[in-house]
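Annotated features in Swiss-Prot:
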- 7-196: domain 'RNase H type-2' (DOMAIN)
- ASP13, GLU14, ASP105: divalent metal cation binding site (BINDING)
Amino acid sequence: MQSLHLELTAGVDEAGRGPLAGPVVAAAVILDPSRPIDGLNDSKQLSAKRRDRLFDLIIERAAAYCIAEASVEEIDRLNILQATMLAMQRAIAGLSVTPQLVLIDGNRSPLLPMRSEAIVKGDARVTSIGAASILAKVHRDRLCAKLHETFPLYGFAVHKGYGTADHLAALVQHGACPEHRRTFSPVRAALARAAAHA
């Protein structure tokens, strides 16, 4: 009887705020208490192999989940914070079940039609946020592998779009591809250096 009074809660997290290229990804997950999943720690603490295994388990066992994106064009038009909030709103709206409460990793919550709470380091403290963290990170890593196939000069499969020395050198040498975030200062600076050498 007590379970009838439990609130339906979704955990939400994002991946890809810091990279210089590719979309920002958000995931929302409502876990099924009758189908527990072990090891739902923050995705950054797990090996890629373990994350991949957990990704499949979450999709198989969750009561509901949705993975959503905000594109590079949206990031450049809105700014990365607003694009992240948009991706989160899309992930929550895409759930097949409407939660009564949404728990979000971090210190900000998007505008939502239900109660929400931002939880700093929530990916390590709240199981459903940990699950969302894994879905978002694995989905984005797979997108970066596809980006690498389309734009092999930049090494997206290795650095996942982050501003490594090799990535910045490739930006100077080859210019930006359509998936680079042109409003990000390292991209602008690399393109300015490339133009100066032209």
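Note that Cβ sites are derived from N, Cα and C of the backbone, with glycine treated the same way.
ASP13 (divalent metal cation binding site) is surrounded by 30 other CB atoms, counting those within 10 A of its CB over all protein chains shown. Long-range C-beta contacts of ASP105 (divalent metal cation binding site), restricted to its own chain and to partners at least six residues apart, with a cutoff below 8 Å, comprise GLY11, VAL12, ASP13, GLU14, ALA118, ILE119, LYS121, GLY122, ASP123, VAL126, ILE129, ALA132, SER133. If you average pLDDT over the domain 'RNase H type-2' (7-196) in this model, you get 95. Its Cβ taken as reference, GLU14 (divalent metal cation binding site) is surrounded by 27 other Cβ atoms within 10 Å in the chains shown. Taken residue by residue with DSSP, ASP13 (divalent metal cation binding site) is part of a strand. Cβ atoms within 8 Å of the centroid of the Cβ atoms of ASP13, GLU14, ASP105 (the divalent metal cation site) belong to the same-chain residues VAL12, ALA15, ALA26, ALA27, MET88, ILE104, GLY106, GLY122, ASP123, ILE129, ALA132, SER133, ALA136, site residues excluded. Under DSSP, ASP105 (divalent metal cation binding site) is assigned to a strand (E or B) in the three-state scheme.
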